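Working notes, beginning with the structure itself.
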Amino acid sequence: MSTIIDVYAREVLDSRGNPTVEVEVYTESGAFGRAIVPSGASTGEHEAVELRDGDKSRYLGKGVMNAVNNVNEAIAPEIVGFDVTDQAGIDRAMIELDGTPNKGKLGANAILGVSMAVAHAAADFVGLPLYRYLGGFNAKQLPTPMMNIINGGSHADNNVDFQEFMILPVGAPTFKESIRMGAEVFHALKAVLHDKGLNTAVGDEGGFAPNLGSNREALEVIIEAIEKAGYKAGENVFLGMDVASSEFYNKETGKYDLAGEGRTGLTSAEMVDFYEELCKDFPIISIEDGLDENDWDGHKLLTERLGDKVQLVGDDLFVTNTQKLAEGIEKGISNSILIKVNQIGTLTETFEAIEMAKRAGYTAVVSHRSGETEDATIADIAVATNAGQIKTGSMSRTDRIAKYNQLLRIEDELGEIAVYDGIKSFYNIKR
């Protein structure tokens, strides 16, 4: 047993230059843990509350000193004295202290920072790497990376509607080789874009953000890059999309406006038709948030049409919330959940969501946020839970590469027992 003797939070910056919360946990044994909380750009309306100060004289109102003070003045006195290995007890105590259904009193960014820092301190105390401490002896599966190499939507200043176009190197024999494949396609894409006279600046998540003529054109240039790198689309490398359709859903009309396509007023059924058409023309294996987060009928239709052959991921739809996920499972909506630790606010609840998904035959994709830091906790979570997939950006920007590098270290440490499933991590669809 090692008792927590101090908890301290400070305001630091994320990859977009916005403030976020860093937390440190100290124990009587000398064990120490530190964690930094990520932040999203496109957020689901049902997510746990990210507490911002709203003081326009500091960081344009995006300061997090209220959340920092909540850690130092409210949470710290509550959990000092706890055994640092009592993760569930500590998380439960913070949830009860907050007392709201969405962590709106203390802020999910305050609570999550403590939750993750506690886990790091506990791992330090028992002398284990974080993935092994959290996952036990069976934590050995390296995740298939979903690499966001073209950014659009709210992640970039361009005219592409869909937020992310990803490559998935499912044909690699190891995680290390999947990273090599992804990097080679990334560099090939830069050359393709350059040759077309297109911008090769990168967006929030390290992918390119060119002004392409349509969402279809984004898929076409990626196919060209895959082939230029010496791989076969639909064999070595598949495609994925995070549509983030809530960002272009018109709440007043109840329709979808695809400005990049020059098409407005699309119904849910017409959006599903569009996805089906794209999946026939391109080797798309995963679609995230294809319909608005509240368009459950649309999601049901999408699942009926594509759910047996395409991974349909609920992000804004489920917001890493077991109640939302349970409802989706009951109604047969989607077949996968995106796992974002700051959507729900504690590690305990995050692990519960992953377990619920797996029991129902859904896949779970551990994910970063667009506002990231050098913190690589999600890499360890992906291995600890044998989640099978991770979405943590492109092959540029240190805030993204930090997670890939941590996974490379873990694979190296695991040695011969490391598992990389590639295409088999999409176990609930036919390919």
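Yeah, the Cβs are placed from backbone N, Cα and C, and that goes for glycine too.
What Swiss-Prot says about this one:
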{"type": "ACT_SITE", "residues": "Glu205", "note": "active site, proton donor"}
{"type": "ACT_SITE", "residues": "Lys340", "note": "active site, proton acceptor"}
{"type": "BINDING", "residues": "Gln163, Lys340, Arg369, Ser370, Lys391", "note": "(2R)-2-phosphoglycerate binding site"}
{"type": "BINDING", "residues": "Asp242, Glu288, Asp315", "note": "Mg(2+) binding site"}
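Recorded features from Swiss-Prot, shown on the structure.
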residue	record	Cβ neighbours (10 Å)
Gln163	(2R)-2-phosphoglycerate binding site	30
Glu205	active site, proton donor	31
Asp242	Mg(2+) binding site	28
Glu288	Mg(2+) binding site	28
Asp315	Mg(2+) binding site	30
Lys340	active site, proton acceptor	26
Arg369	(2R)-2-phosphoglycerate binding site	27
Ser370	(2R)-2-phosphoglycerate binding site	24
Lys391	(2R)-2-phosphoglycerate binding site	30
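Nothing from the recorded positions Glu205, Lys340, Arg369, Ser370, Lys391 places its Cα within 10 Å of the Cα belonging to Glu288 (Mg(2+) binding site). If you compare Cα positions, the residue listed as 'active site, proton donor' sits closest to Ser370 out of the recorded positions Asp242, Lys340, Arg369, Ser370.
In the three-state DSSP scheme, Gln163 ((2R)-2-phosphoglycerate binding site) falls into the coil class.
Of all the recorded positions in the list Asp242, Asp315, Lys340, the shortest Cα-Cα distance to Gln163 ((2R)-2-phosphoglycerate binding site) is found for Asp242.
The two recorded residues Ser370 ((2R)-2-phosphoglycerate binding site) and Asp242 (Mg(2+) binding site) have their Cα atoms spaced 13 Å from each other. Cα of Arg369 ((2R)-2-phosphoglycerate binding site) to Cα of Lys340 (active site, proton acceptor): a distance of 7 Å. Rounded to the nearest whole angstrom, the C-alpha distance between Lys391 ((2R)-2-phosphoglycerate binding site) and Lys340 (active site, proton acceptor) is 10. The maximum pairwise C-alpha distance among Gln163, Lys340, Arg369, Ser370, Lys391, the residues recorded as binding (2R)-2-phosphoglycerate, is 17 Å. Taking the mean position of the Cβ atoms of Asp242, Glu288, Asp315 as the Mg(2+) site, the remaining residues of that chain whose Cβ falls within 8 Å of it are Gln163, Glu164, Met241, Val243, Ala244, Ile287, Asp289, Val313, Asp316, Leu338, Lys391.
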